[in-house]
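Notes follow once the structure below has been shown.
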Amino acid sequence: MRGLSSKESDYSDMNIPLTTADDHYGFEHGSNSSMHSRYPPDTPVSSHRPTQPSSAQKVHKAPGAFKSFISFFTGGSSANQDGIRVIYLNNAERNSQSKYLHNRISTSKYNYVTFLPKFLYEQFSKYANIFFLFTACIQQIDGVSPTSRYTTAVPLGLVLFATAVKEVMEDFKRHASDSETNARKSKVLQGSTFVPRAWHSIRVGDIVRIEGGEPFPADLVLLSSSEPEGMCYIETSNLDGETNLKIKQALPETVHMITPHEVSQLGGLVRSEQPNNSLYTFEGTLVMNSTQGNAKEVPLDPTQVLLRGAQLRNTNWIYGIVIFTGHESKLMRNASATPIKRTSVEKMTNVQIIFLFGILLAMSLASAIGNMVITNRNIAELSYLGLTVSTARDFGLNFLTFLILYNNLIPISLMVTMEVVKFWQAQLINSDLDMYYEKTDTPALARTSSLVEELGQIEYIFSDKTGTLTCNEMEFRQCSIAGLAYADVVEEGKQAHVEDGVEVGVHDFKQLDANLRNHPTSNIIDEFLTLLAVCHTVIPERQEGTSEIVYQASSPDEGALVSGAAQMGYQFTTRRPRSVNIQVAGRDLEYEILNVCEFNSTRKRMSTIVRGPDRKIKLYCKGADTVIMERLGSENEFMDTTLQHLEDYATEGLRTLCVAMREIPEKEYQHWSHIYDRAATTIQNRSDELDKAAELIEKNLFLLGATAIEDKLQDGVPETINTLQQAGIKVWVLTGDRQETAINIGYSCKLIQEDMSLIICNEQTHWETKEFLETKVKAIKSTYQRGDEIEPLALIIDGKSLGFALEKDVEKVFLDLAVLCKAVICCRVSPLQKALVVKLVKKNLKAILLAIGDGANDVSMIQAAHVGVGISGLEGLQAARSADFAISQFRYLKKLLLVHGAWSYQRLSKLILFSFYKNICLYMTQFWYAFYNGFSGQTVYESWTISLYNVVLTVLPPLMLGIFDQYVSARMLDRYPQMYMLGQKSEFFNVRTFWGWATNAIYHSVLLFFACAFIFKNDFIMVNGTIGGAWIMSVTLYTSVLATVLWKAALITDLWTKYAYISIPGSMLFWMGFFPLFAVVGAKVGLTPEYYGIAGPLYSQPVFWLAIIMLPLLCNVRDFSFKYMKRTFFPRTYHYVQEIQKLNIPDYRPRMERFRKAVHKVRNIQRLRRNRGFAFSQNESGTARLIRAYDTTAQKPMG
């Protein structure tokens, strides 16, 4: 078994080597094993360091003192940090001395200790909050603030409190999920019995019993199982999204320990590598105490490791030793702390606030200088005011006074309004029935509301493949047997018929059954189905109490083929070490398995040599069409038609496979068998020798036909990706799957188009990778510089080459090439590599990134991106828990981005611009008033009226714009995905737009103030002969500003709903009705003495009514004219779409769909002829030896 585990290409996807086999399994080779032989059994050797991870896998270690400090609180070990980890078997006391980390996990953003510092850091990274905190502090200085000392502190406190409540509620869900996980129970050995214990109480060194269907509570080393040879099946969908089963196997030295008593007698220790983030590698040694007193050392490798996050499947039970717990487990090492994410809109707003603050300082400085100049120059004329000469101290205090007076240029209400709007936008996402998946009763879920507008600016999507784009469900759809095509469902117009005496078209599977009984090709059909039922590595499991058979396959394709054969009457029933049984037409047929020539990526085929019930020896072979065709004999009349069928299958995106056979004479087989046996016992280059032996027998084959399996895509995936690409979004697929499979899915889901040229990077060294990438970049750029046309490009790169490409001196070249390509697929990548690719793009490109996945291996990628989306709907998937948004189907991403994202970005942009506009428009009038009051700090408005402006009178329009406004409908956004590019280009919110609005607000404030100043130049004589005074002008100016601002809101409103009418005309009507009551009651109770007796006389003046109508009209006539000119002569794309929506103009583009499909098929066939290969996901060599140890008729131990 040791020889098997040291092979470079292992049989399991969980055992994908990221480097060479020598690096992985160093404990088995000379240098390392000799080093280990010098270790005393109970003494760790700190000088030994396991193989260092590559730059793409390194974990940054904290300084020693800090780690010691942290370990004091977490229970982490300070021992053995730099050497090897020593774990004692059945010796909890000695293990406790090492103080290994507990098994409790936390994926939350905050805890009791970190909440306050992390929350305050996040909030005060917003410059507006820093400004308001500064203002609130200086308001506490006596004699400085012209307003109440609490006018800023209280609103700021409320903003922070509301935001804190939202953060706590969102993080509470993470804590609840963690508590549920930590409280799960598994059986732990105590004495000689297993007792249930909560996961958080499991410790390093514990021996646990895991039942079938249970998840692993920590990283374990497999000791034994209920299956032969200590095998077990695990499902890693929570790690890599794949539901196909992987095989693990215990060491031969421990497989006999199948009772609690036997395993409790196990003595010795485990030496292992320190915790790391590599899911696919492990180095360790099991040191077992023997009865003779000598310690026996046995090497451990990834074959024996069961990772936290995986589940035990189709195995009754296993025993395992806990080696890594909690945040030291490989799964958690691939996770990262929940990051603090801030949107690009927030960042830009922050920058503009800095500039506004600079203007505010300039205004305050100018006002303070004006006060000093006027006071000192005119002190004699102003003696009745009792003024003294203004000093430097007075200047400083006046500067602070004006800073407070003008501080509302930066709207404090904006923060509250944005939080409320984002919350409701998140609720609109949650309640969208178009994104509700009825099958699993799963709605869309916005786990955080802070990033909704970011959804409207995505430029790159990084997607997992398995479970995200595909369902990972293989279905046997079609086959070609003896030149005749068969399918489970035959499309109309393609039914089989006879032309010129030749059968053409497609038969259904019912006809296949009929042809099997009575047709000239019945013998070939029999051999074809027999091959599918016999040539494989599937294990049949009978369900207890029923006759139903469940096929356990480490390759989902093989499972689909065997299930397909069973549906057609060739049912695989039994596997023994040297034979298999199938049932055909009620007869039980036994086939002796003589030899298995295993699949590997070089051979691209698998052969099984069997002796049938008729005692004839036959070779059954299946594999890629290219390798099978090369090995056919001269008489193969069905080759051309089979090739045509293969092209048809591949055009439909099906995974194809050719099957062939030959009958072998007894003498030839005996001669070949000796050659094969010698190759199987070769010490050096055994794999190559076995391949050479197989070549000798795999010749002169007879082509039986071909199979076509559908790797079922999720509904709507091709259409969604095509639409996203039309929207200007680049899609990169980062998958742990094989290259051929990933490319095939790329074509199926329209990520890779027929007219694309593939750039495939499979280099083996750093320098080869660098040279390959540089050559390609240079060639592409030179082509562009010459002005030549170039086909669209797609980059395919495997995990090994990607590891080199992510190193410092290559990463920029890799990124340059990737950006030049329309599509990128990274195959065989680790979770950390996924995150590093995202971080590389994030660091070097000014683009908003989204990552989407469904497994725990996608969590790092999801958290590294600006926006993370998890696929939910399957129990236990951590991606959805760690993501910012969760949807149950990939196709819902289209509406999430193109509709909700576009709306949210446009709404938030409009909200922010309008909020700044309305505050600048009002408070700049205060600055202009300073020129009339000698820069004394006197306010032009009554203080409670100022408060009402932001809290009541203008609070509804921003909310309405932010929640309900639609610049175009969802139907139009779906029909014209190109409009999404408006968000990518920041058309609605950028520096130019922001300062355009700010300048417009200043322009309006100038018109409003100086027009009112002109009207009230000589004061105002009331109807009753009295003088109006300053407060008459104040209310007139205030009402004119309010009317102007609300009119502006009406101009920018695209969708008039009842909420728009309530918010805009309703706010104005409310003020006009509320003011008389406010003036009378407020004056009587002493709240607003300034308004005493002015309501009636003011409302009776025609000048007042004329002013509040004409002044807003004067301000907005320019805005209306500008809007008219822009829409008429300089329209943007969404202006056209608004007209199409308004006039309900039909879309004639669907007429081109039929033509586009025809072109699609022609191009696809041209591509296939140019580069036809196989798309079958078969496991690498190594499985056959395990499978041939299996006996489904044997009684399994109870454990």
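Just so it is clear, glycine is given a Cβ too, placed from its N, Cα and C backbone atoms.
According to TrEMBL, the active site, 4-aspartylphosphate intermediate annotation covers D464. Every protein chain considered, the tally of other Cβ atoms within 10 Å of the Cβ of D464 (active site, 4-aspartylphosphate intermediate) stands at 30.
Marked as Mg(2+) binding site by TrEMBL: D464, T466, D854, D858.
Around the Cβ of F599 (ATP binding site), 26 further Cβ atoms fall within 10 Å across all displayed protein chains. Annotated ATP binding site per TrEMBL: D464, K465, T466, E558, F599, K622, R655, T735, G736, D737, R828, K834, N857, D858, in sequence order.
Taken from TrEMBL, the feature domain 'P-type ATPase A' applies to 182-274. When DSSP labels each residue, the domain 'P-type ATPase A' (182-274) comes out as 16 helix, 40 strand, 37 coil, counted as helix, strand and coil in that order.
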Please identify, among the recorded positions D464, R655, G736, the one with the smallest Cα-Cα distance to D858 (Mg(2+) binding site).
D464
In whole Å, could you give the widest CA to CA gap in the ATP site formed by D464, K465, T466, E558, F599, K622, R655, T735, G736, D737, R828, K834, N857, D858?
34
With the fewest other Cβ atoms within 10 Å, the residue among the binding-site residues D854, D858 is D854
From F599, R655, G736, N857, the binding-site residues whose CA lies within 10 Å of that of T466 (Mg(2+) binding site)
G736
What whole-number Å value do you get for the CA-CA distance of R655 (ATP binding site) and D464 (active site, 4-aspartylphosphate intermediate)?
19
CB contacts for G736 (ATP binding site) [other CB atoms within 10 A, all chains]:
29
When you measure from the Cβ of T466 (Mg(2+) binding site), how many other Cβ atoms are you left with inside 10 Å?
26
